[in-house]
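Look at TrEMBL and you will find GLU136 tagged as active site. Residues or ranges marked as Fe cation binding site in TrEMBL: CYS93, HIS135, HIS139.
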Amino acid sequence: MSVLPIVIWPDRRLSEPAGAVAVFDASLRHLAEDMLDTMYAAPGRGLAGPQVGAMLRIFVMDCHWKDGTADPRVFVNPEIVTSEGEATREEGCLSVPGLLVPVTRPAKLRLRWQGLDGTWTMGDFEGFEATCIQHERDHLDGILHIDRTTDEIRTILAPALADLEAQK
């Protein structure tokens, strides 16, 4: 198991959609293990394939490990089936370090995804878990949390984003 380098904005891979996972084998399991190691080391609560340069529709998540309740999860080819309500939360991103921004998303969702063995599962999520899932799933479509905020907030973030861009 390894800690992988995290892709940092404005790397173009973060703006590109990821491809569906078609092969469920040891290399996929190894990628998921490395992604979990990387997420914990960062330390984050979620990490998507494109954030480590793997342009596949996979993300890992453990929303509550920082609170002492570890529950590592792997989602492959996730699809939001339904969503409802609305919640605004401050979101950060390992690929856009140091920027917390308010993002409004559905408060509840039903998700369909495959596990590492290819088996489809359906589950309902709400609260912080729903936010985390939507944030990570956005990465699979080339969307960042800074793309989901208001024009006013983007204007405020412009100097910080310029600093990040200059570091590349």
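Cβ atoms are placed via backbone N, Cα and C, with glycine included.
The Cβ neighbour count for CYS93 (Fe cation binding site), using a 10 Å radius over every protein chain in view, is 26. Applying an 8 A CB threshold to same-chain residues 6+ apart, the list for HIS135 (Fe cation binding site) reads GLY46, GLU91, CYS93, VAL103, ARG105, HIS145. Of all Cβ atoms in the shown protein chains, 24 besides its own fall within 10 Å of the Cβ of the residue listed as 'active site'.
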